[in-house]
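Asker: To start, I am sharing the structure in question, which I have written as structure tokens.
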Amino acid sequence: MPVVFVAASKLPTPFATFTMHGFLDEATGREHVVLSLGDIADGEPVLGRLHSECLTGDALFSQRCDCGSQLEAALQAIAREGRGVLLYLRQEGRGIGLLNKIRAYELQDGGADTVEANERLGFAADQRDYAICLPMLEHLGVKSLRLMTNNPRKVKALTDMNIKVAERVPLHTGHNPHNRYYLATKADKLGHMLGNEHQGEVPQA
């Protein structure tokens, strides 16, 4: 996987001063970022998150998803721990891109759920490729994670790459009336582990 390290710098945030590592995927031209804090190459499991880019949630305060809230909660958790890593992956819209995500939102406004909308546009429900994470984690010396996620697919992807997931740390945050059925669909159709709150809430056709 031709993902190469480019540069690193300090990144002060309201939570902590992280080190920001920049990587380039030469195959796609996409630029990815890793935020790290503390000694993450000591062989001990590292509190971490794989966070896919979500412009609407991360930067524009959208309540259609829980992404922005999860990003903030993950960075806060790493800051409290004093040690951790967050991979910010440029895989907008579960891998379909920003404009296609807006097209999917338009279909959702008409009644489709998040999975149906992607499929009507000719995409899989989730097109993300987590193989890009391996060279970044190897560069940083991370071999084991306490992974902050509700998505079992991320756990499997890391395990398949021989990155040990020592623990899955749930991230239950950002729930609101606007994303209730979105979260229910992720639980019912994508297998996300969101507890009982959203199980069985997808409206039946």
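We number each residue from 1, going along the chain as drawn.
Even glycines carry a Cβ here, placed using N, Cα and C.
As the structure is a computational prediction, the values presented were derived from the model and not from experiment.
Swiss-Prot lists D126 with the feature active site, proton acceptor. Under the heading active site, nucleophile, Swiss-Prot lists R128. The GTP binding site feature in Swiss-Prot is assigned to R49, L50, H51, S52, E53, Q70, E92, G93, R94, T114, T149, K154. Look at Swiss-Prot and you will find C54, C65, C67 tagged as Zn(2+) binding site.
Have a look at these and tell me how they're positioned relative to everything else.
Answerer: For the recorded site, D126 (active site, proton acceptor), the DSSP three-state label reads coil.
Within 10 Å of the Cβ of R128 (active site, nucleophile) there are 20 other Cβ atoms, across all protein chains.
Over all protein chains present, the Cβ of H51 (GTP binding site) has 22 other Cβ atoms lying within 10 Å. Taken residue by residue with DSSP, H51 (GTP binding site) is part of a strand.
Taking the Cβ of C54 (Zn(2+) binding site) as reference, residues of its chain lying under 8 Å away and at least six apart in sequence are, in sequence order, S62, C65, C67, G68, L71, E92, G93.
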Asker: Between D126 (active site, proton acceptor) and E53 (GTP binding site), how many Å separate their Cα atoms?
Answerer: 13
Asker: Would you identify which of the binding-site residues R49, R94 has the most other C-beta atoms lying within 10 angstroms of its C-beta?
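Answerer: That would be R49, with the most Cβ atoms nearby.
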Asker: Translate the DSSP assignment of T149 (GTP binding site) into the three-state scheme.
Answerer: coil
Asker: Please report the Cα separation of E53 (GTP binding site) and R128 (active site, nucleophile) in Å, rounded to an integer.
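Answerer: Spelling it out, the Cα of E53 (GTP binding site) and the Cα of R128 (active site, nucleophile) are 11 Å apart.
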